[in-house]
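Heads up, the thing below is written out as structure tokens.
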């Protein structure tokens, strides 16, 4: 089963240095070791070989030229560096409401190497506060296109498009926007061209180098080129160098040694690191394949789930409203979220209560492993609940951890890749934690939503590759310059690429509880000792002697692991889920009785009502469910106001030359949010879709649900209660 | 220091999460705080460090901790112990069997288990008990078991040793007696409880003052005294607002054509457009399609009173099928032939029996434990939230017609005291910011529910053992649930918090206050409730900070249009699932806002002190750094 040549399963070892520190205390430090493992992998074909360039530009150079005629050029959106228009059509009608009302605006529809863009003939509306610099509200990055439908809502698939084109085209986006265009007013030739162009560029297989990032980066000179000088680089730990790993070990007091054998991706091009814990014989294995859904299950469930939000017809929306809960239940998405969180809690329990190291594994080792291991760390380590800490976590567990972003998002539309929203699933889980324990997180819900959107913007290196080796080789190969300087693409963490400072202010949570410490540097001030006191029950745990037990040789470790895995398989083929859940239940209840510490261990409540739908992400574009003047922003704006006042008062006190004893440093970064929200409030109507949709143009009229009449089925009730009179018996008085 | 104390309390609460039952001892000076703390533990706003630190008289936790060795409850004035039994087992669905002492007074059931640290306490007013039943015979261990079904979504189960002396009554027989005083010829405890509060809560609502606030009387509407002695309609209040040009004699003829004499009267008038919300009962049309010229003229007068619109909307809360079925019993609905310019809309809200059944199913789904799989499907199968949605949708349509359409509306169901009350009060809550304040909400309840004769006595069944009574129905609970849903969508628009709503519901059942006694204003006057009982508002208004939403922004002129999609509706966990310790937040979110406000107050104080210093020292330069000491003016928003 485990013969070393054919790799059936890859294993990721979750290294959790914090735990060892918590449970062992400082005196044990010297005896630990770190292994960076080359992965037990001879790597299948997975992203290693780059596909042969199969992309043929749909338009000829002449056509591109013709697009640049002055008359049409003024209709272009502001093109990004390296962006080229492929084709366009004028007098396209973009419906503003649903397809039953035939209202809309006319404009030009374009397809570039980056996006599908609609430029309205009407005067552009005023600037939005929360404007994305890369694409506007009428732009769809090519990789963000999810599905395209033609007349009679017929799904368009690539390759089948011949000479026909539909009069109406509906585009569903991965960020859940829905666009509806009518092509029937355009010139036939143009309409055909734009339709075929969009279908070709959005749905048909292409090669990686056709992704916009390459053309964009060649034409952009990034300041500092993402080297150490860059501020963002300084803050978000990228885990792309030995130093980063060493730093993190120091931070978490893990005493391990970083091995850089794989620095040139020789051992495994896919795997950068797996980090083995020091006393491996007390390891507990968790095979996620046994208990969690597969990536295919995840995709299937999400595909059902997202349909509830891709609304192109108000009537249907309200029709579906009555069956909302059971539909939600049946698609299973919330259940998958719950299962992932539960698994993470189980792992935390082993780490915290039993002091066992946990080995998380699955086939491939880079999907649910990433989800679970990052969730575990999020629950245990408050550093990862800060904005930079979270980014470092994603960098460590996902980017360096080898999650196949490229395959999973399937930007290239290749048939042999398994697309699956695994990263989104992770963000969903984070959102659940954040909902339940708001003040523990420095970043906001908006931040998570934006991050989930950014996956589909093909500009950031973060999400374009399958692993570090893949990235490295491709960026080198694509570099127009010498072999030595690879192409510089921005990472998603450089938020200034997408948003200006004001908009970025909305990424922080104004109610975040800073750690009550004078030290401003979160990372340096981090002392696990403090946490240990508040963390769970901790038994008198004896660290087993381990000196010399563990050698550097990867082979040795492999052997040990192999044995572990085999024995587990034979002993318990599948864990009994009810049992697991009752143990998790007890663990949660025990934790719940302790005073809550936002800088200690956090556990999610997993009971039915506690797992919710991420309203902001999923409902933001649906007009009928916008709460005008309400939603979380109403709370945020009041909080911001109070914070603003608190700060003003603090300033006054400072002016008077006196300082309060308590720590007020925390208030400073929060003020940003305050300013941003207040600025927004003064210009537009805020709604529950804030900041994604501002309700400037909306009529101030409530959405009255239609189809109420057919809704309630009360037949089949005992005694047919519905037909009874309201007042049954004779009136009896007091 | 406060903070430390605070954490002490929190940990006490959370450690003793098993104390999950109280709701009622509200007496501010002599009661244990444990009841309040339990609320607090699951209602986010209730825990206030402010409160704990500042108002010691309202924070009897310390006393609880000190007195925790006592087996008896802290008694309210006029409360007396009726029976006490040791070695009773309480079978807690979350912890398991607990052995302790059970005390029954004329007001409450009190159980304390000393075996646990901290002691486990169950403290519930007998008013919440819906039925007591003996479960099975004596078990092998010689124990008999009793189940208490409660009105507040929980069941309690006790067991105790079979009495050797079979002549003596068991404690549960005593309990039966005092849980159902009405059935046993005893007075309800509210009539005995004599606590004095700083404010007389019965004065909160003054009909004339409220109509004056709305600008009534005016050139189109007058207050009539025709019902002064409840002769025209015994379920209506004495003060009624009717169109100016309809004389009292005609009102009586209209009353003859409306079920139970409940004629259309004004509930609310739009301050600008003069569009009105009027309420009534169904017209007595019958199978033959009877008409009443007086009624038709009357509705025309209502329409004419609003110059802005030449239309009138009649909202019939019922499903059209049910409305039609009512014709068989002499009732029915307005035909559009008879009422020109009127448009009839059915709102499809079901009757009290359907609602009662729905709540019963909901209780099955949420108590004691939530089934792990298919929570959402199970929830959907209760239809509870669908009913909530329909009620909210109806109220929204009414508010929209009045606000956006500037059209007057008439609202009725069959009798006009259940669904009609839900609809008018919710629409008024959306339309008028005054009702979103704590006192305004009290006025709204007093007016639309109490004075207009929602039959609380019958719907709740205070002190009545007949638990199968078909008149019982959670109509008011549904209304409060709807209010909660709106507060969720507009978290800054309400002066009150979740704890306020939970408290109102708890005391609707507790029978401690007179507020929800009787079925109509006439009965309340007859029973001299204001004289003989304490109003719930007296208690609430004596500690407003407990019930205040720290995020409240007074957008008084704003109309709220909630979204009535299921996507935005949620089960009210803080009420329906509050007995489940797992669903209880460790730290209520609003605690943080309160801390923030406290910090602001602290800084304000410091700044003021410093400014005083500065002024004193250099009297010459009196520079005022003023802005933050001003009260904040709500920033303009567009709602």
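Glycine is no exception: its Cβ is also placed from the backbone N, Cα and C atoms.
Checking TrEMBL for region 'Disordered' across the ranges B:28-58, B:59-89 points to B:28-58. Set side by side, the recorded positions B:328, B:413 differ in how many other CB atoms lie within 10 angstroms of their CB, and the most is found at B:413.
Under DSSP, residue B:415 (substrate binding site) is assigned to coil, being neither helix nor strand in the three-state scheme. In the three-state DSSP reading, residue B:326 (substrate binding site) counts as helix.
Within 10 Å of the C-beta of residue B:351 (substrate binding site) we count 25 further C-beta atoms, all protein chains included. Taking the Cα atom of each, residue B:326 (substrate binding site) and residue B:413 (active site, phosphocysteine intermediate) are about 10 angstrom apart. Distance between Cα atoms for residue B:413 (active site, phosphocysteine intermediate) and residue B:351 (substrate binding site): 9 Å, as a whole number. Within 10 Å of the C-beta atom of residue B:415 (substrate binding site) sit 22 other C-beta atoms, taking all shown protein chains into account.
DSSP classifies residue B:351 (substrate binding site) as coil under the three-state reduction. Ranking the binding-site residues B:326, B:417, B:419 by other CB atoms within 10 A of the CB puts B:326 at the bottom.
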